[in-house]
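A.B. asks: Quick paste from Swiss-Prot:
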DOMAIN    1-237  domain 'ABC transporter'
BINDING   G35, H36, S37, G38, S39, G40, K41, T42  ATP binding site
DOMAIN    296-361  domain 'Mop'
Amino acid sequence: MPADGIRARFRVDYAGFALDVDLTLPGHGVTALFGHSGSGKTTLLRCVAGLERAAEARLEINGELWQDSAAGVFLPTHRRALGYVFQEASLFPHLSVRRNLEYGMKRVDAASRQVSWERVLELLGIGHLLERLPGRLSGGERQRVGIARALLTSPRLLLMDEPLAALDLKRKNEILPYLERLHDELDIPMLFVSHLPDEVARLADHVVLLDQGRVTAQGSLQDIMARLDLPTAFHEDAGVVIESVVAEHDDHYHLTRLAFPGGAVLVARRPEAPGQRLRLRVHARDVSLANSRIEDSSITNVLPATVREVVEADTPAHVLVRLEAEGTPLIARITRRSCDQLGIAPGRRMWAQIKAVALLG
């Protein structure tokens with residue numbers, strides 16, 4: 001295994017459930033552990049944290065051995081350089097935000113600190129909250145403080161167990177940009193547990209799919225989201241993720257052109273400067289197909305693409321079509337009738353009409 005990777009082998013047996021995984025993961029970026037409730041996501045995270053004693057285990061983090069059952073090596077949780085963020089921030093209610101954060105810093109001597117106090121406050125936007133008690137914080141503010149406390153331990157690995165699950169939509173949207181900043185600006189690998197495709201699409205670089213304690217698939221976010229043989233393809237939010245670059249702005253029509261391998265799309269004017277990267281989400285339900293380009297249409301974003309795969313959808317009336325536009329994958333959810341009428345089959349050249357594009361971040 002390369003020194004900058006994460007190797008995790010765990011076997012845990014409970015009555016009625018067993019976790020059995022053997023993973024080699026990137027030692028950087030965000031790896032999402034994705035699956036339905038009871039699939040083993042949290043159990044795997046607890047194993048990594050040393051909170052579960054697996055019958056068989058080996059854990060290596062960027063070249064540092066934390067656990068090896070065969071060799072009798074077990075680093076206890078308090079000696080593992082990790083931060084753990086739970087669904088609800090476990091803050092000391094009688095201590096101010098400042099003192100809660102200072103508690104996290106006490107775990108690390110000054111010489112070993114990799115993330116400064118000032119940097120954490122700025123990244124998470126909590127400087128104005130320092131003198132408040134936890135009871136006077138909103139749900140989103142509490143989670144940001146909990147994440148800050150984890151970061152102030154200068155972790156080599158950050159574990160996040162559905163940190164947005166307890167938040168309503170407004171608070172979730174409030175905290176997501178801060179999580180994106182952590183992803184973009186800190187060189188700390190993260191394991192992020194979620195059961196929501198849109199959360200994974202927004203934050204992850206790598207995805208591990210779990211089901212009944214087993215790994216069913218893993219790979220880059222783009223590859224996993226484009227596969228039709230996985231449960232993600234049949235979710236109502238199914239679709240692909242595209243990494244794009246701001247190409248230019250059209251000040252007359254107040255539009256921005258976002259370019260990627262295989263084409264470009266126009267979206268409402270963005271504030272980002274040309275050259276800045278943006279992640280796009282194109283849902284399968286927002287892609288229609290045509291055998292020829294329709295010029296007199298209000299649909300602006302149309303790409304030439306080749307059909308790679310056609311499979312049955314979750315209803316007998318629909319099919320899922322995977323296409324490729326010069327290396328960029330797309331998925332379309334269309335009726336079986338349209339599929340037959342258009343003669344859609346692997347290898348066929350078509351025009352993919354994108355009715356909507358979601359900007360992630």
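Using N, Cα and C of the backbone, Cβ positions are placed for all residues, glycine too.
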A.B. asks: DSSP-wise, what's the residue breakdown of the domain 'Mop' (296-361) into helix, strand and coil?
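C.D. replies: Within the domain 'Mop' (296-361) the tally stands at 7 helix, 37 strand, 22 coil.
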A.B. asks: Please work out which residue of S37, S39, T42 has the most C-beta neighbours within 10 angstroms of its C-beta, and give that one of the binding-site residues.
C.D. replies: S39
A.B. asks: Measure the Cβ-based neighbour count of G35 (ATP binding site), defined as the other Cβ atoms within 10 Å of its Cβ.
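C.D. replies: 23, counting other Cβ atoms within 10 Å of G35 (ATP binding site).
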A.B. asks: Select one residue from G38, G40: among these binding-site residues, choose the one with the most other Cβ atoms within 10 Å of its Cβ.
C.D. replies: G40
A.B. asks: Give me the sequence-ordered set of same-chain residues, not including G35, H36, S37, G38, S39, G40, K41, T42, with a C-beta within 8 angstroms of the centroid of the ATP site's C-beta atoms.
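C.D. replies: Apart from G35, H36, S37, G38, S39, G40, K41, T42, the close residues are H195, L210, D211.
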A.B. asks: Would you identify which of the binding-site residues H36, K41 has the most other C-beta atoms lying within 10 angstroms of its C-beta?
C.D. replies: K41
